[in-house]
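> Would you mind keeping the following structure in view while I ask a few things?
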Amino acid sequence: MAEDKYKARNYMKRKRNTKRALWMFIGFLSVLIILALIWRFAWNSDLLSVEQAQSALSTASSWHGKFWLWPLITAVFVVLLLLMFPLTILVVLTGFLYGPWWGFCYATLGTLASSVVSYEVGRFSGQRVLLRFGGKRLRNASRFMGDRGIRTMILINLLPLAPFTLTNIMAGASHIRFRPYLIGSAIGIIPGLALVNFAGSELNNVIQGADKENIAFSIGILIAIALLLIFGPRWLKRKVQPADTGKP
């Protein structure tokens, strides 16, 4: 009887998670459509001309190779992520401006630098305060850090347990050793960074491309990346949880 109730609870939980993932995917596509409509309206109403947009993009892209661009992007990532600005937007923007290779390098450096800073913030602030004000998702992340090793940090960066910055702060507050923290964070972060950064470069192709076939191909890649980023972590989460949920 207890086992049946446990299975029923798990079934309902998976059903809710699937619905939430579908709504996230619909929301992601809606945002892309809205941005495209805003961009088109700005061009048609002369609020933003093609020449102005191309000039702005060319200016930002021309910064590539400047010695000061590395510390500038790193500082922007650190400051904005501490203010809880979405990491995904920053990574998409670097891919959009600097392409899949250099954009990935810039985003990786900025993200790891932010991980170090937020870890130190957590180490000095303490765990009790964070758990009190961090909410349910942060408490879930804290429980997931139980073994305090590289594997934990890899999984916690792959799974959608809590916002990026709060997760790093909690790692510092939980006194996870710095070296395993940084190695695990890098391994867990890099796959997602690569995908999101590539999505940014493909978004640039969609906006600037003139070939309809290439545009359709880029849109297909964007949809595939969105599906992978939304459903991939949830699939992984189901794979790593059975060992912990084998008992009712």
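Using N, Cα and C of the backbone, Cβ positions are placed for all residues, glycine too.
Predicted automatically and left uncurated, TrEMBL annotations should be read as such.
Pulled these from TrEMBL:
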DOMAIN    85-201  domain 'VTT'
TRANSMEM  21-42  transmembrane segment
TRANSMEM  67-93  transmembrane segment
TRANSMEM  100-119  transmembrane segment
TRANSMEM  150-169  transmembrane segment
TRANSMEM  181-200  transmembrane segment
TRANSMEM  215-232  transmembrane segment
> Residues sitting near the transmembrane segment (100-119): Cβ under 8 Å, six or more positions beyond its termini, same chain?
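Distal contacts: 64, 69-70, 73-74, 76-78, 81-82, 87, 90-91, 94, 165, 168-169, 171-172, 178, 181-182, 185-186, 189-190, 193-194, 196-198, 200-201.
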> Which sequence-distant residues neighbour the transmembrane segment (67-93)? Criterion: at least 6 residues beyond either end, Cβ under 8 Å.
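Those are 103, 106-107, 109-111, 113-114, 117-118, 121, 163-166, 193, 196-197, 199-200, 203, in sequence order.
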> Determine the mean pLDDT over the domain 'VTT' (85-201), rounding to the nearest whole number.
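In the predicted model, the domain 'VTT' (85-201) has a mean pLDDT of 80.
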